[in-house]
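The following features are taken from Swiss-Prot:
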{"type": "TOPO_DOM", "residues": "1-26", "note": "topological domain 'Cytoplasmic'"}
{"type": "TRANSMEM", "residues": "27-47", "note": "transmembrane segment"}
{"type": "TOPO_DOM", "residues": "48-70", "note": "topological domain 'Periplasmic'"}
{"type": "TRANSMEM", "residues": "71-91", "note": "transmembrane segment"}
{"type": "TOPO_DOM", "residues": "92-99", "note": "topological domain 'Cytoplasmic'"}
{"type": "TRANSMEM", "residues": "100-120", "note": "transmembrane segment"}
{"type": "TOPO_DOM", "residues": "121-141", "note": "topological domain 'Periplasmic'"}
{"type": "TRANSMEM", "residues": "142-162", "note": "transmembrane segment"}
{"type": "TOPO_DOM", "residues": "163-185", "note": "topological domain 'Cytoplasmic'"}
{"type": "TRANSMEM", "residues": "186-206", "note": "transmembrane segment"}
Amino acid sequence: MSSQVMHGAAHGHDHGHDDHHHDSGQMTVLGFWLYLMTDCILFASLFATYAVLSGSFAGGPSGHDIFQLDFVAVETLFLLLSSITFGFAMLKMFDGKKAGVLGWLAVTFLFGAGFIAMEIYEFHHLIAEGFGPQRSGFLSGFFALVGTHGLHVTAGLIWMAIMMYQINKHGITPTAKTRMSCLSLFWHFLDVVWICVFTVVYLLGVL
């Protein structure tokens, strides 16, 4: 009888522990949504700044002169594909398949790293041609907006590498699930922001 009571108490303790993890995870994700709202304000401010400065060429080049749309299209494809592969990683996580999570995260990381490599190349090329952020208001707004997005993607890649290490070492724990959910929100958010950047900065700049 006493063993049954002890078993019931232990089961109740485990159930309460799981509920605590669930509630804590929900609060963490909610808090991360609030952070993303502040990031929305940041990018909205940068878009507004770019819109104001987009016609200030100061005798320098316009977007039509310097943007290579085919190059940026490939860059965009990398980021869009990384968003899809991250979705596959999340599906594997819900299935509890550690190897699948790590595999898809690795693919996502490679796509994200390819995106950043192309962005660094673009910035280096523009600066080498004398079209750095100090050249005109238009270029200042461009470098501020695109550069800030690039820094966010870099932070996401670092976060992703940390998650790969933690999941490889500790498995798919409740904490890892919560952190992956937050990272998923962050990564998809950056994808949406980049679509806006591609449309407003590059596409409209070339047309």
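Backbone N, Cα and C atoms are what each Cβ position is placed from, and that goes for glycine too.
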**Prompt:** So what pLDDT does the topological domain 'Periplasmic' (121-141) average out to?
**Reply:** 98
**Same-chain residue ranges lying at least 6 outside the transmembrane segment (142-162) that approach it to Cβ under 8 Å** = 39, 42-43, 46-47, 49-50, 63, 79, 105, 108-109, 112-113, 115-116, 119-120, 123, 132-133, 183, 186-187, 190, 193-194, 197, 201
**Prompt:** Cβ pairs under 8 Å with the transmembrane segment (27-47): which stretch of 71-91, 100-120, 186-206 has the most?
**Reply:** 186-206
**Complete:** Within the same chain, the residues 6 or more beyond the ends of the topological domain 'Cytoplasmic' (163-185) and with Cβ under 8 Å of it are 18, 21-22, 24-25, 28-29, 32-33, 36, 86-87, 89-90, 93, 96, 98, 101-102, 105-106, 109, 156
